[in-house]
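Under the heading GTP binding site, TrEMBL lists 76-83, 146-150, 200-203. What TrEMBL records for 67-253 is domain 'Tr-type G'.
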Amino acid sequence: MKFSTVIPFSIIYNISQVSRRTPELISLSRNLSHSSVVFCKNKKSSETSKYKAKDNEHPLKVDVPVENIRNFSIIAHVDHGKSTLADRLLEMTGAVAFNSGHQILDKLQVERERGITVKAQTASLDYSYEGDDKVPSGNYLLNLIDTPGHVDFCGEVSRSLLASQGAILLVDANKGVQAQTVANYRLAVSRGLVVVPVINKIDLKNADPDRVVSQLNKIFGLEEDTILRISAKLGSGVEDVLKAVVREIPPPPADVSASFRGLVFDSWFDKYRGAVLLIYIRDGFLRVGDHITSAQSGQNYEVRSLGLLRPSEEPCKMLCAGQVGYMTCNVRNPAEVHIGATFHRKGETVEQLPGVSAATPLVFAGVYPSDQSQYTSLRSALEKLVLNDSAVTMATDSSPALGQGWRLGFLGLLHLEVFGQRLEQEYGAEPVMTAPSVTYKAKLLGAKNIKKYGTDEITFSNPAHFPDVQIVSEFYEPVVTATIITPDEYLGSVMTLCLDRRGQQISSVNIDNDRVMLQFLLPLNEIIVDFHDYIKSTSSGYASFDYESSGYVPTKIVKIDILLNGNKVEELCTVCHFSRAVMVGRHLCTRLRDLVPRQLFQVAVQAVVGSKIVARENIKALRKDVTAKCYGGDITRKMKLLRRQAEGKKKMRMIGNIEVPKHTFISVLKR
């Protein structure tokens, strides 16, 4: 029979010390491990240390009742205070000591340098709830997931919501509802999660929580009495957030008596233990030593270790239904890990859990080792980092100029930058990353061409794979639906910027007296590099920008070829819209004029679209002063020497080959 009680810590400690020698105590210890037991130092301390941090000791919950578990995520726009709120929740529930530091869950170096969250982090918290008419009193296990706020890391948010039944929607009391706030709210509602709206930073001088309440009511239909007002920095109102989590968010729909099913929603690589999997126990329980099977790959594994994140790793022997923890199975090959995979016990057949849909990469870039001798080490680093960031797609690629490498797909430009920075910081790699590009589609003509390619529609992201225009009936480019929230005083400048980038306005809504929400259909190629920077500079930093993929539309794109001395350099070609061909061609020619080494003869750098030259620059020849030895005499002697030099340079220009050094290719191709 199961029971729930509070046992003094000293008794449990003595049992654990002598149970190895006494058979009766071994039996007692096992009975305790299958009961709802809370270990604490003594009854007095359990009642009085409700919010005090323990000295490196956490109350260990074994076989926590499902109705006492709450799984939730914190979602918000960038810089609305998610990590600060997570710090206060950790402190007030005793997971960490007070004043342990800022942004405790932001563990990566790139996160601390940039001041943003790029990786979702999990922490299991213990909270003693006093009870009310809706929820009984008791000890509750709160599994918190702190998520990124930038649109480029929406894959992290999507995976985190798989293991959640509710979400705290955090909104800045000064900035109000912003673009990613809208996107995250819609994502949470589409997953059927309970949303707890919270207004943060009410302590700021310019805070206007009443205005934010009206925005939340107008955009999302949230009632004022359901919206909490807090200051995560000062800790005021944070206790109400904990109470709302217990009261409003339902327990996980888990069944302890059913067969074990677990969902992997995150992972990272440890050089000693292999792949560490973050798993949500949907049904049943999992113990160390169990043999489990991946429903996706059919691979069998033995569970080597289990534990909770509090937020540091705390090993345990068993995870029960509804809990979120980590698991190691001695997986050494990162390719075996599938995010969204369902695990079950070996030999059993279970229904697979709904996993996460594969992220669709929007931005592509080539990654090559700076020297081919570093190929193996860079491949190992990429495989381990992709294990921790499953939104990145990876395929082998090669370039005559840069050698063997990979074509990586990302969710945005910031995603690309952070990935490259993590490669350097965490693995000491020095990769060459090419300029970002997008994936285009081409509709083919003729049965012969369709048979050759095996389909009537091909995709390509590398300009070198641009098909012959003679066999293509129409090209297609990816577009996105962009949501921009801006003060009305910058409305004209923001709309002009969007129209200059070939945007089409969809809607315009006034969300309050001085802010407007715009929606534009924009080509992805026009926004991946510098659009976000221009939005911020145009609006003095007040506008926010978010986008989501909206498929493909017909377009007119062209391939720009680069000719050096009349010879095509395939590695330097690029693809752009026909209306920007002249501007892009002139930019490339100007860069090459400054980067290509000068020769003994004049070199023409030309940008060509089809058979038309759209831009040209000349690299001046290195000239030897052949008249230096003529320190007098007739002028005809000097003219004869100059004429002979000119004829020689003309002959060299006709037969000369230009050797473009590798560092020139790297300077042109890299970001």
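Backbone N, Cα and C atoms are what each Cβ position is placed from, and that goes for glycine too.
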What are the non-local neighbours of Ile202 (GTP binding site), defined as same-chain residues 6+ apart in sequence with CB under 8 A from its CB?
Ala173, Pro209, Arg229, Ile230, Ser231, Ser236, Gly237
For His150 (GTP binding site), the nonlocal same-chain Cβ neighbours (under 8 Å, six or more residues apart) come out as Val78, Ile116, Val118, Gln180, Gly412, Leu414
Count, for each of the binding-site residues Asp79, Lys82, Thr147, the other C-beta atoms lying within 10 angstroms of its own C-beta, and report the residue with the smallest count.
Asp79
Counting only residues 6+ away in sequence within the same chain, which have a CB under 8 Å from the CB of Ala76 (GTP binding site)?
Lys82, Gly149, Leu169, Leu170, Val171, Asp172, Gln180, Thr181, Asn184, Asn200
Across the domain 'Tr-type G' (67-253), what does the mean pLDDT come to, as a whole number?
90
